[in-house]
Ligand SMILES: Nc1ncnc2c1ncn2[C@@H]1O[C@H](COP(=O)(O)OP(=O)(O)O)[C@@H](O)[C@H]1O
Ligand SMILES: O=C(O)C1=C[C@@H](OP(=O)(O)O)[C@@H](O)[C@H](O)C1
Ligand SMILES: [Mg+2]
């Protein structure tokens, strides 16, 4: 049902660091028979195989954001993909013109959940050497109005598995897609 309605249109997962975009996106791709692309992984390849942390440190955030936009502009030319974005993709206005090529799904979790998941993380440069909870709260406050522009908001609750979240997304997609809306017939 959901697969028929989508007609190959890409799904973009947006939301805060740690909410599970990469983990859930991979599963969602498998369930839908779609390919899976992680924008961070593509940025690392485009950046010569350097990690996100190295690219942040060497390029600085503005140039990282440019590279991220460039990658997104290339990825959105393809179809039948689930695309896990980086949490900051929503900040660049121009990225919305690429995201709107597909259906945008916001994974939304509390700062407490994000904090617990990222407590030991060393791969998110924005969370190094800071009060993690305060930083996540600050970023969420800055970005919430942007995440709200998604077509579909999925609340991620404590204890829900990635599988359960993927199922929830698949179940809710029809509510934002009317039959025929994406048809080219
Ligand atoms: N539903 C979930 N329940 C518990 N842990 C999760 C869940 N989804 C993701 N995780 C874990 O949380 C961390 C962040 O997940 P990730 O998919 O990288 O998030 P994002 O791409 O949104 O930053 C990883 O360690 C991942 O294994
Ligand atoms: O929120 C952000 O600004 C970032 C999120 C990260 O991706 P995830 O959301 O997949 O963790 C990664 O792009 C980078 O560390 C910056
Ligand atoms: Mg990710």
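Along the chain as shown, the residues are counted starting at 1.
In case you wondered, yes, glycine gets a Cβ from its N, Cα and C as well.
Residues or ranges marked as ATP binding site by TrEMBL: 18, 19, 20, 21, 22, 23, 124. Taking Cβ-Cβ distances under 8 Å and a sequence separation of 6 or more, the neighbours of residue 19 (ATP binding site) in its chain are 87, 107, 108, 109, 113, 114, 156.
If you look up TrEMBL, you'll see 22 marked as Mg(2+) binding site. Using a 10 Å Cβ-Cβ cutoff, residue 22 (ATP binding site) registers 18 neighbours.
Under the DSSP three-state reduction, residue 65 (substrate binding site) is assigned to helix. Long-range Cβ proximity for residue 65 (substrate binding site), meaning a same-chain Cβ under 8 A and a gap of 6 or more residues, is found for 88, 91, 92. TrEMBL lists 40, 65, 87, 143 with the feature substrate binding site.
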Cα-to-Cα gap, residue 124 (ATP binding site) vs residue 143 (substrate binding site), nearest whole Å: 17
Most Cβ neighbours inside 10 Å, all chains, among the binding-site residues 21, 124, 143: 21
